[in-house]
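Peer 1: Pasting the feature list from TrEMBL:
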- B:Phe8, B:Ser9, B:Gly10, B:Gly11, B:Met12, B:Asp13, B:Ser14, B:Thr15, B:Val16, B:Leu17, B:Met18: ATP binding site (BINDING)
- B:Cys185, B:Cys193, B:Cys196, B:Cys199: Zn(2+) binding site (BINDING)
There are 2 protein chains.
Amino acid sequence: MTDSVVVFSGGMDSTVLMADILGKGKNVQALSFDYGSRHNDRELLCAATFCQEHKIEHRIVKLPFINELFSSSLLKSGKDVPDGSYMEENMKSTVVPFRNGIMLSIAAGFAESIGAGEVLLASHSGDHFIYPDCRPEFNEAFSRAVFMGTGEQVSIRFPFANMDKRDIGDLGRELGIDFTTTWTCYKGGEIHCGTCGACDERKYALRYDEGFDPTNYAI
Amino acid sequence: MTDSVVVFSGGMDSTVLMADILGKGKNVQALSFDYGSRHNDRELLCAATFCQEHKIEHRIVKLPFINELFSSSLLKSGKDVPDGSYMEENMKSTVVPFRNGIMLSIAAGFAESIGAGEVLLASHSGDHFIYPDCRPEFNEAFSRAVFMGTGEQVSIRFPFANMDKRDIGDLGRELGIDFTTTWTCYKGGEIHCGTCGACDERKYALRYDEGFDPTNYAI
């Protein structure tokens, strides 16, 4: 019997979430999404490796229509990913319209199909400025819609909604996570670029300035 | 510039909706979903034909993961579709978990990508008993979640939410729709079976007993 379905990208946030709830003894299945972002291949390899090591059932759902029909610089079909701070206006070009809503809807239907009562997503308060589908008012309305739309069988939970990415990094270090096995960089190259908004935020989260960040950055 | 994205199955409800809003002069794009139901091929052919005839941009989004991962007698991977009244308990086996939520989420992201301000779905009051993701409380919460999650750019509307399928049939007749170009039967055979719950409801909607239903049923 599965307790929880986790939306698991292989990034640092959802990896910390996986480690956290596994530590609480829950039965978990992981669902990853390949939506055609530049960094999907890197992320998904991290997710698959984690699940193999922890013997977690893991499925990768392909959503090729997002890359074909949607506009975003995060996608292989989009313009270049901008450099700069995560909080800058130009980072809004990386929004994939309603991405979290799409992933959560699919995860909700899958959870109902296998009798799991909850879906977990590791979105956090640092995402609010850029991504509207990470904000509290979205989380609340969407959770209600899923609970109603599944005949009150599935709840959506956002355990990190009141934490920022550094809180998550700190929790991950407490849990003993090797962050070199997680992927963040939006550009999806051989190593983390160190200059895109996502790398900028990762450095903040993992306390790069204090020497705690084990990531190998290009810059 | 597109005003509205319509979730268009090729069934009678969404065909009436298409005709209704085209008559109101709106610029429309149609989005259909192939989620592996037994009757998808029949429905999608009807949808494509309608869009060709009316010169509507039409996209079919394939969701193969639903047939692979989800449980429902409506799916090719599921058990047989039951016969009987649409309102009977056994019709609940035809629920595809959170199907409307999944389709609406994708349509919302697509609408945001092309700058369309609304997504329309032809769910109606007759669906409430069987399908939780057709009920008013779902509609309300989901609309709110989409509006929030798209940065207040996309609204979801359910124009037939307060009508039943017969109201929709009557409206379609007023609009001059040839219902033989729409598909309803869940079994997806050569012609409508006439005995599954969906055919039962179609007969009610199109006033079969009064001689108005032009459908060729097997029984």
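In case you wondered, yes, glycine gets a Cβ from its N, Cα and C as well.
TrEMBL labels come from automatic prediction, so no person has curated them.
The structure displayed is predicted, hence computed values, not measured ones.
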Peer 1: Using C-alpha atoms only, work out the spacing between B:Cys185 (Zn(2+) binding site) and B:Val16 (ATP binding site) and round it to an integer in Å.
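Peer 2: With distance taken Cα to Cα, B:Val16 (ATP binding site) is 17 Å from B:Cys185 (Zn(2+) binding site).
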Peer 1: Counting across all protein chains present, how many other Cβ atoms fall within 10 Å of the Cβ of B:Val16 (ATP binding site)?
Peer 2: 29
Peer 1: Find the shortest Cα-Cα separation between B:Met18 (ATP binding site) and the binding-site residues B:Cys193, B:Cys196, B:Cys199, and name the residue that gives it.
Peer 2: B:Cys199
Peer 1: Going by C-alpha positions, which of the binding-site residues (B:Cys193, B:Cys196, B:Cys199) is nearest B:Ser14 (ATP binding site)?
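Peer 2: Going through B:Cys193, B:Cys196, B:Cys199 one by one, the Cα closest to that of B:Ser14 (ATP binding site) is B:Cys199.
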Peer 1: Would you mind ranking the binding-site residues B:Met12, B:Met18, B:Cys193, B:Cys199 by how many other Cβ atoms sit within 10 Å of each Cβ and giving me the lowest?
Peer 2: B:Cys193
Peer 1: Compute the mean position of the Cβ atoms of B:Cys185, B:Cys193, B:Cys196, B:Cys199, which form the recorded Zn(2+) site, and then list in sequence order the other residues of that chain whose Cβ is within 8 Å of it.
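Peer 2: Result: B:Val81, B:Thr184, B:Tyr186, B:Lys187, B:Gly189, B:His192, B:Gly194, B:Thr195, B:Gly197, B:Ala198, B:Asp200, B:Arg202, B:Tyr217, B:Ala218.
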Peer 1: Can you tell which of the binding-site residues B:Phe8, B:Gly10, B:Met12, B:Val16 lies nearest to B:Cys199 (Zn(2+) binding site) in space, using Cα positions?
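Peer 2: Result: the closest of the binding-site residues to B:Cys199 (Zn(2+) binding site) is B:Met12.
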Peer 1: Quick check: with B:Phe8, B:Ser9, B:Gly10, B:Gly11, B:Met12, B:Asp13, B:Ser14, B:Thr15, B:Val16, B:Leu17, B:Met18 left out, which same-chain residues have Cβ atoms within 8 Å of the centroid of the ATP site Cβ atoms?
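Peer 2: In sequence order, the nearby non-listed residues are B:Ala47, B:Ala122, B:Thr182.
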Peer 1: Taking 10 A as the limit, how many CB atoms besides its own sit near the CB of B:Gly10 (ATP binding site)?
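Peer 2: Here the count is 26.
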Peer 1: Cα-Cα, whole number of Å: B:Phe8 (ATP binding site) versus B:Cys193 (Zn(2+) binding site)?
Peer 2: 22
